[in-house]
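Participant: Questions regarding the structure given below will be posed in turn.
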There are 4 protein chains.
Amino acid sequence: MFVLVNLKAYPCDSIAVATAARDVADDAGVRIAVAPQAADLARVADTGVETWAQHVSPIDHGSHTGSTRPATVADAGAVGTLINHSERRLTLADIDRAREVAADNGLETIVCANNPAQAGAAAALGPDAVAVEPPTLIGGDVSVASADPDIVTDAVTAVTQVDDSVDVFCGAGVSTGSDVAAAADLGASGVLLASGVAKADDPSAALTDLVSKI
Amino acid sequence: MFVLVNLKAYPCDSIAVATAARDVADDAGVRIAVAPQAADLARVADTGVETWAQHVSPIDHGSHTGSTRPATVADAGAVGTLINHSERRLTLADIDRAREVAADNGLETIVCANNPAQAGAAAALGPDAVAVEPPTLIGGDVSVASADPDIVTDAVTAVTQVDDSVDVFCGAGVSTGSDVAAAADLGASGVLLASGVAKADDPSAALTDLVSKI
Amino acid sequence: MFVLVNLKAYPCDSIAVATAARDVADDAGVRIAVAPQAADLARVADTGVETWAQHVSPIDHGSHTGSTRPATVADAGAVGTLINHSERRLTLADIDRAREVAADNGLETIVCANNPAQAGAAAALGPDAVAVEPPTLIGGDVSVASADPDIVTDAVTAVTQVDDSVDVFCGAGVSTGSDVAAAADLGASGVLLASGVAKADDPSAALTDLVSKI
Amino acid sequence: MFVLVNLKAYPCDSIAVATAARDVADDAGVRIAVAPQAADLARVADTGVETWAQHVSPIDHGSHTGSTRPATVADAGAVGTLINHSERRLTLADIDRAREVAADNGLETIVCANNPAQAGAAAALGPDAVAVEPPTLIGGDVSVASADPDIVTDAVTAVTQVDDSVDVFCGAGVSTGSDVAAAADLGASGVLLASGVAKADDPSAALTDLVSKI
């Protein structure tokens, strides 16, 4: 299981979360990454934690003021990127292009989707993984794996049918080790989470609990 | 073969094109539809031609000022709709939702895509058909079926692998009966075209030529 | 005072509302217009009511699939259009261009804005009127003219300073004749409203009350 | 005169340009700043050059994955930000909000506009400066100050009429010291440029020429 912590634009101390993530990953032997804002990537990567971008633009070099070029986030230390998060949706064409340019620059890619049908669609574009996150559960207290386990298994079925080399992650409401274990039982290869760690009083304790049943 | 004529925002006489399309369809026994601007749907449908929308919003009832509700275009006489045309791209989530609401209101749906990978992705959302239209060829003089036949056959392969009940259309540069015949040979069930008819001096002659080899 | 009823994508009978608006306008000698979905413009205009578009695209002729060309809505019977409604926001450049093409096609224009600063900005683009509608009050029961009268007077001040030939409308929460009278007292030349009429059990009665104190 | 060099997503060595800009600014006693991609801000700011963001999102803390929070770019070393560049247009409401949050975080703001009318509109939102850049001239060889000097003087007039505390910058095609001098003569307080420096074989020489007539 891979645990990816999205810091969004939360008022958290990104360096403190990154350091905790690095240490818990080392201690538990579990893969944990942190995804900060683009302007914060270099600082977070300097901690030694695995660092991901929250988004990349579907562009390479050129006249693209205010964009997030995949090569620039890679230079800043990112090794992977989310694409099409529900808070940063892209057109189908842009998801396709962003994934392609990200891969060309050595970034791993996880494309987000709201439901199993969209997960299957995202898989057809050839990312490393697809994350299914029902928007209604994002930011809530109930994990998708308990609230609606069929969404996860249906996403695994839809993705596998299109391309069985694409992993499935699940997100929305994940906050405990039991949530992570439930996701794994349903066929997920990883979890996406945000507030459960980024807003925790003790991010290290939250992460330690999260990976306790892997 | 199904011939769908997209009038875009061209300075054509939409009623004249619609009437020509209706008559050629009747004479040749071929399915031909015309897709005008939303505000022009009722007038075009009144001619008796099969009428499609160029776009629908991913919404049903509600506070959606300036949107294009699927039920309203159906009321105005549309029996189908394009979704995600390259000039009106939608997010993956919105394509999914627009297709769903359109189908709920009895509209046939064709989702547009730039390339075979996106065509496969679009097929996973369950539309009636997917149209592959390379943006570089749109509006040009060379048909995708002659310029790059692999795009059409690869799209057919990609779509069939995901859902073999989804038809494949092709577009971009289609303007002659030979283009339509070539598309059919490559596995397409229909063609999308625009300027070849909408900007023709004689739309009726252009349409007659288009369906001459079906 | 000008009363503009935005039908949004509400599940109302647009013809019934249009007919009621036409009759109340005639009886009371007040200017009332109805703004339906683009695909419904022709049908609404046929009732004889003053008809407005909810939105126009910043384009004229061309390859603009799925757009709303100002000339097409004018052909369908619209005599004016909202631009930049809070449910259909445009970029600054597109507001400027949409207003220009709308005016070139004989449409009156009202540009919407959230607050006095944006109202002043909108006025600099030269529309016929600016409508100030605080997003937090839209769809609610409390009129902006009573909830926050300073927004209306500040908008009038901001607009007048930039271009005193531009009228100011107010919207959000307007549902009674007292709301309309209060708006007029604050310097507004008209009101924008939606649910207060479109969702009323008796639109005719709602409109009659609305114009009772003008 | 203030010279702001926008690095866009160009394939330039941002550190080399930043170092050259710092040194030329020091030698000539002219204010020069460099605006890199968000992920590159910290590295550029470390050179000691005045550093600007190319864009900020209209948000503060919260669930905004993939956004560019003003406070985060300020933490990374930016002291100002462009808003609404023609390659990153925002809605009127978002320009207003982005400017407000940027100012709350101590960032200087320059709002871009295509023409004098939009410049006046942008001024009504209270930024530190407005930059007028005709899209047709961006990236070209001809400076707006020579190609169409009326645009600059009209922008100064429009902005001054709305708020005379707002400075006017001009951009598009600026590449020589004569261009900068012409801009100053027309009333501009600064210039925005990109390719003239970022794509120069010798950025230091290009900058030295640019500031030679100030």
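Heads up, the Cβ atoms here are built off N, Cα and C, so glycines get one too.
So TrEMBL lists the following for this protein:
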type     : residues                                                       : note
ACT_SITE : C:His85                                                        : active site, electrophile
ACT_SITE : C:Glu133                                                       : active site, proton acceptor
BINDING  : C:Asn6, C:Leu7, C:Lys8, C:Ile138, C:Gly173, C:Ala194, C:Ser195 : substrate binding site
Participant: Out of the recorded positions C:Asn6, C:Lys8, C:His85, C:Glu133, C:Gly173, which are near chain B, with a C-beta less than 8 A away from one of its C-betas?
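Facilitator: So the ones by chain B are C:Asn6, C:Lys8, C:His85.
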Participant: In sequence order, which same-chain residues at least six apart have a C-beta under 8 angstroms from C:Gly173 (substrate binding site)?
Facilitator: C:Leu137, C:Ile138, C:Gly139, C:Gly140, C:Asp141, C:Val142, C:Ser143, C:Val144, C:Ala147, C:Asp179
Participant: In whole Å, note down how far the CA of the residue listed as 'active site, electrophile' lies from the CA of C:Lys8 (substrate binding site).
Facilitator: 10
Participant: Output the one of C:Asn6, C:Ser195 that, of all these binding-site residues, has the highest number of other Cβ atoms within 10 Å of its Cβ.
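Facilitator: For the binding-site residues C:Asn6, C:Ser195, the Cβ with the most other Cβ atoms within 10 Å is C:Asn6.
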Participant: Can you see whether DSSP assigns C:Ser195 (substrate binding site) to helix, strand or coil?
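Facilitator: The residue in question, C:Ser195 (substrate binding site), is helix (DSSP, three-state).
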Participant: Suppose we draw a 10 Å sphere around the Cβ of C:Ala194 (substrate binding site). How many other Cβ atoms does it contain, all chains included?
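Facilitator: 26, counting other Cβ atoms within 10 Å of C:Ala194 (substrate binding site).
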Participant: Between C:Glu133 (active site, proton acceptor) and C:Asn6 (substrate binding site), what is the CA-CA distance rounded to a whole number of Å?
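Facilitator: With distance taken Cα to Cα, C:Asn6 (substrate binding site) is 13 Å from C:Glu133 (active site, proton acceptor).
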Participant: Under 8 Å between C-beta atoms and at least six apart in sequence, can you list the same-chain neighbours of C:Leu7 (substrate binding site), or say none if there are none?
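Facilitator: The answer is C:Ser14, C:Val17, C:Val34, C:Ala35, C:Pro36, C:Gln37, C:Asp40, C:Gln54, C:Ala194, C:Ala198.
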Participant: Are there residues of the same chain, six or more positions away from C:His85 (active site, electrophile), whose CB falls under 8 angstroms from its CB, and which are they?
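Facilitator: The list for C:His85 (active site, electrophile) reads C:Asn6, C:Gln54, C:His55, C:Cys112, given in order along the sequence.
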Participant: Tell me the Cβ neighbour count for C:Glu133 (active site, proton acceptor), meaning other Cβ atoms within 10 Å of its Cβ, over all protein chains shown.
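Facilitator: For C:Glu133 (active site, proton acceptor), the 10 Å Cβ neighbour count is 25.
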Participant: Look up C:His85 (active site, electrophile) in the DSSP assignment and report helix, strand or coil.
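Facilitator: Assignment for C:His85 (active site, electrophile) reads coil.
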Participant: Have a look around C:Lys8 (substrate binding site) and count the other CB atoms within 10 A of its CB, chains all included.
Facilitator: 26
